[in-house]
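Colleague: Annotations per TrEMBL:
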- 16-55: DNA-binding region (DNA_BIND)
- 79-180: domain 'CoA-binding' (DOMAIN)
- 90, 91, 92, 93, 94, 95: NAD(+) binding site (BINDING)
Ligand SMILES: NC(=O)c1ccc[n+]([C@@H]2O[C@H](COP(=O)([O-])OP(=O)(O)OC[C@H]3O[C@@H](n4cnc5c(N)ncnc54)[C@H](O)[C@@H]3O)[C@@H](O)[C@H]2O)c1
């Protein structure tokens with residue numbers, strides 16, 4: 001890691017740069033300009049250069065960035081060169097989808113246990129992992145050194161699950177339940193709220209459809225030809 005504290009907004013963009021670099025690498029690209037990488041990541045190149053400067057990466061004038069080296073630097077910075085054991089709690093519809101998602105393991109997140117409170121689910125196997133009781137959380141965390149917990153339970157259960165996670169030493173939580181968790185300092189929580197994201201899109205959609213009418217539309221409403229406007 002760079003050792004200096006990187007702004008949160010930059011940290012949030014690093015995985016986006018990494019994804020763009022991964023596609024470049026897969027297509028055999030060995031170097032890229034800041035503009036090429038910025039375009040692939042959907043940001044402006046000044047912001048990209050500033051972000052990468054926090055990693056001590058400035059590229060080479062006239063050559064740009066070395067794709068493989070930058071991939072390595074970003075991966076190291078966001079901890080992807082390490083193996084991260086993860087426990088998922090709540091193996092219903094979403095829990096099944098998360099357990100089956102191969103994108104976690106390819107990025108170093110190894111699901112070591114699937115836990116659920118419903119005894120009817122215990123013993124079922126999802127993605128090669130047996131669902132176990134939630135009361136096994138402490139043993140699982142101790143055995144695998146789990147630092148990251150994923151909550152995919154209904155909202156009413158999420159706070160209790162989070163409290164139990166923290167009590168057994170988990171310090172980072174990814175929460176899919178649509179509820180705000182109250183947790184002690186030092187515990188990082190990321191909330192994935194798909195409904196809120198849809199609501200934000202709905203808000204923009206609504207604004208688009210109520211955008212001011214063009215002159216042509218106003219004229220059409222008045223029943224006059226556009227050419228008739230003075
Ligand atoms: N399904 C989706 O597409 C989706 C999308 C976004 C967010 N979410 C959210 O994710 C959560 C799960 O959704 P779902 O559709 O998978 O629900 P689900 O009802 O299918 O699954 C929830 C699972 O959590 C388990 N559970 C309940 N209380 C528990 C506890 N205290 N400890 C351990 N396990 C417990 C249940 O036994 C069940 O297996 C919800 O909060 C939902 O709002 C779901």
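From the backbone N, Cα and C atoms, a Cβ is placed for every residue, glycine too.
I'd like to know what surrounds each of these features in this structure.
Modeller: According to DSSP, the DNA-binding region (16-55) comprises 28 helix, 2 strand, 10 coil.
Spatially close to residue 95 (NAD(+) binding site) yet at least six residues away along the chain are 88, 89, 114, 116, 126, 152, judged by Cβ distances under 8 angstroms.
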Colleague: What parts of the chain pack near the DNA-binding region (16-55), using Cβ distances under 8 Å and only residues at least 6 beyond its ends?
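Modeller: For the DNA-binding region (16-55), the nonlocal Cβ contacts are 2, 4, 6-7, 10, 63-68, 70-71, 73-75, 77-78, 80.
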Colleague: DSSP says what for the domain 'CoA-binding' (79-180): how many helix, strand, coil residues?
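Modeller: Its residues fall into 39 helix, 29 strand, 34 coil.
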Colleague: Residues near the NAD(+) site, 90, 91, 92, 93, 94, 95 excluded, by Cβ within 8 Å of the Cβ center?
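Modeller: Near the NAD(+) site, the remaining chain residues are 88, 96, 97, 98, 116, 152, 153.
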Colleague: In sequence order, what residues of the same chain, 6+ apart, have a Cβ less than 8 Å from the Cβ of residue 90 (NAD(+) binding site)?
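Modeller: Spatial neighbours, sequence-distant, of residue 90 (NAD(+) binding site): 115, 116, 151, 152, 153, 154, 157, 161, 177.
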Colleague: Mean pLDDT for the DNA-binding region (16-55), rounded to an integer?
Modeller: 94
